[in-house]
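What TrEMBL says about this protein:
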- B:20-40: transmembrane segment (TRANSMEM)
- B:83-103: transmembrane segment (TRANSMEM)
- B:124-149: transmembrane segment (TRANSMEM)
- B:155-177: transmembrane segment (TRANSMEM)
- B:189-205: transmembrane segment (TRANSMEM)
- B:236-257: transmembrane segment (TRANSMEM)
- B:293-310: transmembrane segment (TRANSMEM)
- B:340-362: transmembrane segment (TRANSMEM)
- B:393-414: transmembrane segment (TRANSMEM)
- B:420-444: transmembrane segment (TRANSMEM)
- B:451-469: transmembrane segment (TRANSMEM)
- B:494-515: transmembrane segment (TRANSMEM)
Amino acid sequence: MTKAITVSGLHKSFGRTHALTGLDLDVDTGEVHGFLGPNGAGKSTTIRVLLGLLHADSGAAQVLGRDPWADAVEIHRRIAYVPGDVTLWRNLSGGEVIDLYGRLRGGLDTGRRAELIDRFELDPTKKGRTYSKGNRQKVALVAAFASDVDLLILDEPTSGLDPLMEEVFQRCVEEERDRGRTILLSSHILSEVEELCDRVSIIRSGRTVETGSLADLRHLTRTSVTAELAGEPNGLASLPGVHDLAIQRIQNSQGKRVRLQVDNNELDAVLRSLTTSGVRSLTSTPPTLEELFLRHYQDADADADTGEVAAR
Amino acid sequence: MTTFTGTGVLLRFSLRRDRVMIPVWVAVNTLMVLSIPNTLKSTYGTEAERTDLVHQVATNSSFRALIGPVFDDSLGALTAWRVGVYAGALGAVTALLVVVRHTRDEEESGRQELIASGAVGRRASLTAALLAAAVASAVLGLLVAAGLAGQGATGAVAFGLGLAAVGMLFATMAAIVAQLTESARLTRGLTAGVLGGAFVLRAAGDAASTDGSSVLTWLSPLGWLENLRPFAAERWWVLGLFATAVALQGTVAYVLAGRRDVGMSFLPTRPGPPTGSLGTAAALAWRLQRGSVLGWSIGFFLAGVIYGGLTDGAADLVGDNKQAREIFERMGGQSGITDAFLASMTGMLGLVAALYVVASVLRLHGEETSGRAEPLLANAVGRVRWASGHLTVAFAGSVLIMLLAGLGFAAGYGKEVGPILGACVVQVAGVWVIGGLTVLLYGLTPRLAPAAWGVAGAVLLIGWVGPALDIPQAVLDVSPFGHLPKLPGGEMEWGPVLVLLGVAVVLVGGGLAGLRRRDMTT
């Protein structure tokens, strides 16, 4: 499968701030790729490099097979970008901005434009300064979805949208995917990511920490296990992959209640150990998406050596 | 009194935000006023020369229109005459900018919502804004009064109070206009328009009468200031007129503010077209800047008409005084007094046009820092093409406004149409160098781009004050305008003009090359 975006070993510093410290990203043609990470992880910096607005210090990046810095204008004919914080010109109407962006990209589907304005319930006659945040966002979204392009780069595009509009947005992304377009979606809304994304890349402190399908990522993470045992647990604490172990005495009983987190590839050994103590009851919960992200976002120990990192 | 809760905190906050702006405006204004007595002393040193000047003003209506009537031949009275209207107007601009900055600007940006959600009374923001303007006006009045005390304490106090009063009059005027429109830019424009109207009324009234007693003069707050007659048997009751007007306008502003919602206005914004015809970055640049180009064009044409109309009278007046004549001849660089006056006035407009070119080029900077450039450049628009749109407006616009100034001169003066037009267009070479320097600053070090205002200000100062102070040629040579041939009247020298144009081209090229290479900032 061809790649819409390939990035490897990207570094970018602003003075003493290291925004990107060896970032990798691969987006296949025709997929919706989630681009996730805590605030300040470097998502917007990466997107600005991909748009040719910033010049990377080192590392390689290709967008639609070209160099985003040298061939910016050529690439931009085939992509549409929606920033997370849309600023409009105060005396231009929303409709004028949509048409301007469309023409500057090299074409706008007027039928699709009308349909999108209708679906997003946007009033295109209002002037830039009178739009609310959500409505400014809609102006940029209509301009992007109505453009005839191969790649959409969306940087937290739904901040400010209400749940109904969020729904419309998700349908639009699915339609774009069905038409064979590639979408890079930076987002903090996990339900949106779960619903839309074929694969995700999680970045932290300017580098990629995880990439793959959501199922892959779930597999890599931990399961929480709660068990009531007839006797004393046997050497659970010394098993590899066991975290947050808590053992309680159960009142009026010889037994013990055990709670723990275990890496999925060590689950088997833990169950073996539990059964030797006589399992009375057992619940095992796969990680929720929230837990998965919290773990990836918070796990700062792993890369404490990369130091202070901020984006923008 | 809970409607005023938080006023003190907001006032301190406003003054902190204005800690550069207010001192600079007030300092420039004060220095301008306080430099006058010395200049006058050197030009009109003797009693006889001053009496002569008073007589000239009384008989020369065009000079009264430009500056106002003179009421006494003391140095203090002449200072108030020479600079009063202009210091008042400058003080009014300071006050109106401060008020708009802390009222409509805050609402337009949405910051006011956050402020109003705090423990802040409904009237606190407007009150704090007016108080900030009052602080700026009061400091100006105090400094001027203290600085002129040597010319007579009573007159100095009257003059200081008059300047502060004009400031507050336009502060409260801005407070009313801010309730009417949703746009801070429009509020500033409309209030400044009222100020311009006040100047024109006073000019018309003073042209018609020798003692400021015309009805037209009394319709203008700037006319009130001269009718206060500082240093010439002060009419203190005129201050009562100011106080009444300020109280009245303030009340109207508070009543209007109390009757509307935050962010709304009495004149609603009209909806725009649902579809647009803008299709290129250049078209967008023109659309964004056409309003200001129109404003500058009208201003330059009118300035040309006014100065052109004054030329004969000014030449008569100045021609009688040796020192004044020398200053004009140094500025104009030649001996024929009419040509010298025309040359110094076209040079003056060239210097002001440098402000236009800086403002216009810095639109690029504004677009970039506001975040509007980023999504625009994510379209198939190269940076240089994007910048070229705005630069075309900046550089072609400066030719346009200088041509219009020349046409205005021709209309007002009625002679030497060709040479005057040529003299105006030659100024463009100097304007373009300043514009080129702005492009270079923006292209290489966007953070320092606003320093272009400092460059333009320094060039303005050298051009205005330099000839009067007889400062060394080395300093005058720093300004590109110092190298231009003195036209009309002088010899047209192509050499320096072509060199300056070459310098401008190199500067623009360097700036664009820098813009291509650097990171875009947000």
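Here the Cβ of each residue, glycine as well, is placed from N, Cα and C on the backbone.
Long-range Cβ contacts of the transmembrane segment (B:420-444) within its own chain (Cβ-Cβ under 8 Å, at least 6 residues beyond either end) map to 304, 308, 342-343, 346-347, 349-351, 353-354, 356-358, 360-362, 364-365, 387, 391, 394-395, 398-399, 402-403, 405-407, 409-410, 413, 451-452, 455-456, 459, 479-481, 483-485, 487-488, 492, 496-497, 500-501, 503-508, 510-515, 518. Residues 289, 292-293, 296, 300, 303-304, 307, 311, 314-315, 318, 328-329, 331-334, 390-391, 393-395, 397-398, 401-402, 405-406, 409, 413, 416, 420, 423-424, 427-428, 430-432, 434-435, 438-439, 442, 449-450, 452-453, 455-456, 459-460, 463-464, 467, 481, 484, 486-490 of the same chain, all 6+ positions outside the transmembrane segment (B:340-362), place their C-beta atoms under 8 angstroms from a C-beta of that stretch. Counted over residue pairs separated by six or more positions, the transmembrane segment (B:155-177) shares at least 3 Cβ pairs under 8 angstroms with the transmembrane segment (B:83-103), which defines the two as touching.
By number of Cβ pairs under 8 Å, the transmembrane segment (B:236-257) is matched best by B:124-149 from the list B:83-103, B:124-149, B:189-205, B:293-310, B:494-515.
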